[in-house]
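A short write-up of the structure that comes next.
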Amino acid sequence: MDLHECKCRKSSQTCACWVGQYVCSFPFSTRLHQLILNLMILFQDLFSPCLCQLRTHYTMTNGGSISSSTHLLDLLDEPIPGVGTYDDFHTIDWVREKCKDRERHRRINSKKKESAWEMTKSLYDAWSGWLVVTLTGLASGALAGLIDIAADWMTDLKEGICLSALWYNHEQCCWGSNETTFEERDKCPQWKTWAELIIGQAEGPGSYIMNYMMYIFWALSFAFLAVSLVKVFAPYACGSGIPEIKTILSGFIIRGYLGKWTLMIKTITLVLAVASGLSLGKEGPLVHVACCCGNIFSYLFPKYSTNEAKKREVLSAASAAGVSVAFGAPIGGVLFSLEEVSYYFPLKTLWRSFFAALVAAFVLRSINPFGNSRLVLFYVEYHTPWYLFELFPFILLGVFGGLWGAFFIRANIAWCRRRKSTKFGKYPVLEVIVVAAITAVVAFPNPYTRLNTSELIKELFTDCGPLESSSLCDYRNDMNASKIVDDIPDRPAGLGVYSAIWQLCLALIFKIIMTVFTFGIKVPSGLFIPSMAIGAIAGRIVGIAVEQLAYYHHDWFIFKEWCEVGADCITPGLYAMVGAAACLGGVTRMTVSLVVIVFELTGGLEYIVPLMAAVMTSKWVGDAFGREGIYEAHIRLNGYPFLDAKEEFTHTTLAADVMRPRRSDPPLAVLTQDNMTVDDIENMINETSYNGFPVIMSRESQRLVGFALRRDLTIAIESARKKQEGIVGSSRVCFAQHTPSLPAESPRPLKLRSILDMSPFTVTDHTPMEIVVDIFRKLGLRQCLVTHNGSLLGIITKKNMVAHLEELTRRAEPLTPPWYHHKKRHPPSYGPDGKPRPRLHHVQLSPAAEEGEDAGEEACLLSSSSL
């Protein structure tokens with residue numbers, strides 16, 4: 001057809017046809033051509049004759065054939081809005097997200113020299129990462145300071161109120177008093193207990209009972225308000241949040257878990273939960289709060305809002321900022337993000353995590369919530385060195401920490417599993433009230449359990465000096481000491497110390513029991529502080545015992561060289577610090593980051609060796625009972641699709657043993673590249689719950705073409721029905737590059753090649769599973785196709801992988817011998833079921849698969865135990 005012989009149907013279209021002829025005279029790739037084509041698409045009614053000419057021109061210049069029904073949108077291959085996004089409770093495609101980011105980066109670099117505006121946009125894109133982590137650090141530090149101040153005030157509200165300024169806590173209330181003595185610096189006329197306000201008595205049984213009742217009342221009120229707010233407004237605000245954050249950072253989508261409502265409710269209820277006196281801490285939930293800030297600020301920058309993989313880089317930096325403000329340990333926060341929570345941690349994320357932790361720590365230091373110019377309440381400094389013989393009690397504390405961690409993980413998981421499987425889990429408000437009531441009733445009589453947990457750790461960490469009036473420092477002055485080396489030498493324990501030891505033993509038992517039942521209830525609950533408190537109590541008891549042993553038996557060979565009479569050679573507070581690190585390491589199985597965090601708490605390089613010895617011992621002892629930490633155990637309990645990079649795969653299975661379908665399963669749901677209709681695809685989507693479908697050339701050849709995601713198919717078909725005329729249920733769907741010739745009366749075909757993944761990851765059926773596991777872990781795959789000589793056999797999804805690993809763990813197969821990995825690998829002739837493995841001519845080429853069992857990855861988060 002001659003392009004200059006335009007026969008317009010209406011005279012009004014003469015100009016439009018002339019424009020079409022003029023446009024067609026340009027090469028198809030020029031920018032002006034593309035611009036005019038886009039304008040013509042917007043006015044299809046006016047330019048419909050010219051579109052016919054353009055189709056003919058495209059056919060003639062490309063030497064191909066095209067159906068007369070092909071629409072111009074197919075030629076332009078415009079992106080479809082919504083394609084490439086993910087549904088809730090699905091896993092992202094890391095490879096596709098990284099490819100999208102590289103394409104975006106290339107597009108920006110290619111345009112930045114065109115104008116000053118494009119250069120400005122390029123600079124804004126380059127600095128957007130630093131801007132978002134700066135905002136995250138600022139918000140995290142400000143919220144952490146607010147939470148610390150509010151929690152301290154509400155904790156003291158259970159005991160009394162400051163009449164001179166209602167917003168002051170107990171310590172602040174007595175700062176400005178001139179009537180406060182050094183021995184009773186916590187008593188001042190401005191601070192009134194509830195017994196003094198209600199019955200006018202400061203001492204006596206009536207005063208004790210009234211204070212006891214008010215303590216229980218406030219504890220129950222705070223706990224009830226916290227669980228009610230969580231249940232009504234933000235169910236995702238409960239729990240620690242770290243198991244879910246680890247899962248999200250591994251690529252799982254949980255909509256709303258890092259949203260603004262979750263942030264607001266978690267901030268409020270975290271204050272209430274800590275003030276209620278429950279055996280929990282605020283340090284773990286602060287990581288969740290910081291990640292919420294990072295997620296919200298990432299939506300201000302298109303670089304992160306439209307790319308799930310890039311967004312997870314911001315969340316990794318946010319988790320570092322959360323630990324930085326929780327413990328006052330910026331470097332420890334970066335290492336925590338690297339060691340414990342992050343799944344993908346490139347070098348630039350390390351720098352931004354460090355910067356976010358720095359900004360957050362600076363803001364918290366500027367707020368100074370504790371009034372001591374420190375980032376944490378229990379900052380201490382020791383001036384006495386440790387001695388070589390003390391490594392033995394330090395290692396014993398490490399053994400205790402490992403045993404405690406193993407016991408806690410098993411007991412807490414058993415209780416959470418029982419909560420999920422019984423009717424008791426259906427009443428979260430009642431559970432929180434019962435736990436809070438038991439905690440308040442038992443905690444009040446013991447001064448060490450009545451204290452806020454952070455204040456308890458501070459008292460246990462603190463070394464006894466001349467200004468200390470605690471019962472733990474009630475030593476007798478030894479007048480027979482012949483030599484005074486230090487200002488405060490080791491002395492015999494007095495009655496106050498022995499009484500404090502008994503109270504600490506009772507507090508240790510109480511904390512162990514209540515922490516098991518508290519972690520996992522439907523309020524924000526962290527595990528760092530309770531675990532550290534348990535270790536600090538045990539460490540302080542051991543430290544006092546070693547101190548008295550060294551004093552009374554200083555002539556023993558283990559003490560003789562270091563502990564002279566009158567010397568200060570044992571620091572019980574140091575034992576408390578080592579015990580706290582050991583117990584926290586036993587529960588979480590953290591190592592490097594934990595040592596750095598505790599080191600930053602104390603500010604002394606001198607005590608790194610004791611900390612390292614205790615933490616490594618606790619990890620070894622805990623790993624002897626199970627390699628999972630508490631967060632990994634809760635991830636497995638909740639059924640999240642998480643592949644732990646720390647686990648080693650040492651079994652001898654092959655990809656054919658794990659792939660779906662099995663022999664008894666229905667046929668594999670696949671798409672063909674050019675002989676299925678829109679109705680066929682919609683019926684397959686409606687009848688299955690798979691996340692995606694392999695595309696093959698034909699059912700006879702089974703040759704793999706690509707992979708199409710369920711969500712992309714749905715969005716593309718809906719978009720085509722709205723924007724393209726002639727797309728009906730009988731329209732042929734084409735995934736090939738060229739549309740096959742169709743009869744003239746056929747409806748317009750629908751080209752969906754743009755949504756097809758042309759390079760899906762494939763393995764052969766004889767690929768060892770340890771290689772497949774490494775591919776899934778290191779590339780973050782959501783599915784992998786299994787082929788045999790290029791023919792499709794089945795599929796392995798991330799959920800299949802997790803289920804296979806759990807099955808092998810339950811079966812406890814023996815490990816492979818050391819020489820196995822040095823032998824040449826040959827596929828065994830028989831499969832795990834005892835039947836011969838199929839050969840090529842016996843292979844069933846269309847068996848069932850659970851292609852997108854990611855759709856079945858949905859976890860019942862509202863009933864999960866860690867939320």
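Cβ coordinates are placed from backbone N, Cα and C, and glycine is handled just like the others.
Residues or ranges marked as transmembrane segment in TrEMBL: 127-151, 215-237, 257-278, 285-302, 314-338, 387-409, 429-448, 500-521, 533-554, 574-599. Feature annotation from TrEMBL assigns domain 'CBS' to 659-723, 756-813. TrEMBL lists 816-867 with the feature region 'Disordered'.
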The transmembrane segment (314-338) versus listed stretches 127-151, 285-302, 387-409, 429-448: most Cβ pairs under 8 Å: 285-302
Residue counts (helix, strand, coil, in that order) that DSSP gives for the domain 'CBS' (756-813): 25 helix, 18 strand, 15 coil
Cβ-Cβ under 8 Å with the transmembrane segment (533-554): same-chain residues at least 6 beyond its ends: 390, 393, 396-397, 400-401, 404, 448, 453, 456-457, 460-461, 472, 490-493, 497, 501, 504-505, 507-508, 511-512, 515, 560, 563-565, 569-584
The transmembrane segment (429-448) versus listed stretches 257-278, 285-302, 387-409: most Cβ pairs under 8 Å: 257-278
Spatial neighbours of the transmembrane segment (285-302) far in sequence, C-beta under 8 Å, 6+ residues away: 128, 131-133, 135-136, 139-140, 143-144, 147, 239-242, 244-245, 248, 258-260, 262-263, 266-267, 270, 311, 314-315, 317-319, 321-323, 325-326, 341, 360, 524-526
Intrachain residues whose Cβ lies under 8 Å of the transmembrane segment (574-599), provided they are six or more past its termini: 323, 327, 329, 331-333, 335-336, 338-340, 380, 382, 384, 386, 393-394, 397-398, 400-406, 408-409, 457, 460-461, 463, 527-528, 531-540, 542-543, 546, 605, 607-608, 610-612, 614-619, 621-623, 627-631
Contacting positions for the transmembrane segment (215-237) when only residues 6+ beyond its ends and CB under 8 Å are counted: 154, 157-159, 244, 254, 256-257, 259, 261-262, 264-266, 268-269, 272-273, 275-278, 428-429, 432-433, 435-437, 439-441, 444, 450, 521-524, 861-862, 867
